[in-house]
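Q: Straight out of Swiss-Prot:
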- 1-20: signal peptide (SIGNAL)
- 51-86: disulfide bond (DISULFID)
- 51-86: domain 'ShKT' (DOMAIN)
- 60-79: disulfide bond (DISULFID)
- 69-83: disulfide bond (DISULFID)
């Protein structure tokens, strides 16, 4: 009986350690993306686009207003409605 309890305890520790590691990695990536976006906004503040579709989510609208459609190639596919609303 004690062997089973020890094995279950070790298995629990392994699962808890793996989940804690993946959660920390996820939080690290989210924070890194947030700071990258802030650095991008601080470095580049183009004149802006007058053509923004208000129905799209606010991130795409904000990036399109800053002129990111012309600067970032991925904007054309990821935020197509905001970039092509003229």
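Heads up, the Cβ atoms here are built off N, Cα and C, so glycines get one too.
Because the structure is a prediction, the values reported are computed rather than measured.
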Q: With DSSP assignments reduced to helix, strand and coil, which class does residue 79 (disulfide bond) get?
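A: SS state of residue 79 (disulfide bond) = coil.
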Q: Given residue 60 (disulfide bond) and residue 69 (disulfide bond), what distance in Å do their CA atoms have, once rounded to a whole number?
A: 9
Q: What whole-number Å value do you get for the CA-CA distance of residue 69 (disulfide bond) and residue 79 (disulfide bond)?
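A: Residue 79 (disulfide bond) has its Cα 8 Å from the Cα of residue 69 (disulfide bond).
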Q: Tally every other Cβ atom lying within 10 Å of the Cβ atom of residue 79 (disulfide bond).
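A: If we count other Cβ atoms within 10 Å of residue 79 (disulfide bond), we arrive at 24.
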Q: Give me the count of other Cβ atoms within 10 A of the Cβ belonging to residue 83 (disulfide bond).
A: 23
Q: Pop the mean pLDDT for the domain 'ShKT' (51-86) in here, whole number is fine.
A: 68
Q: What does DSSP say about residue 69 (disulfide bond): helix, strand or coil?
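A: Where residue 69 (disulfide bond) sits, the three-state DSSP reduction gives helix.
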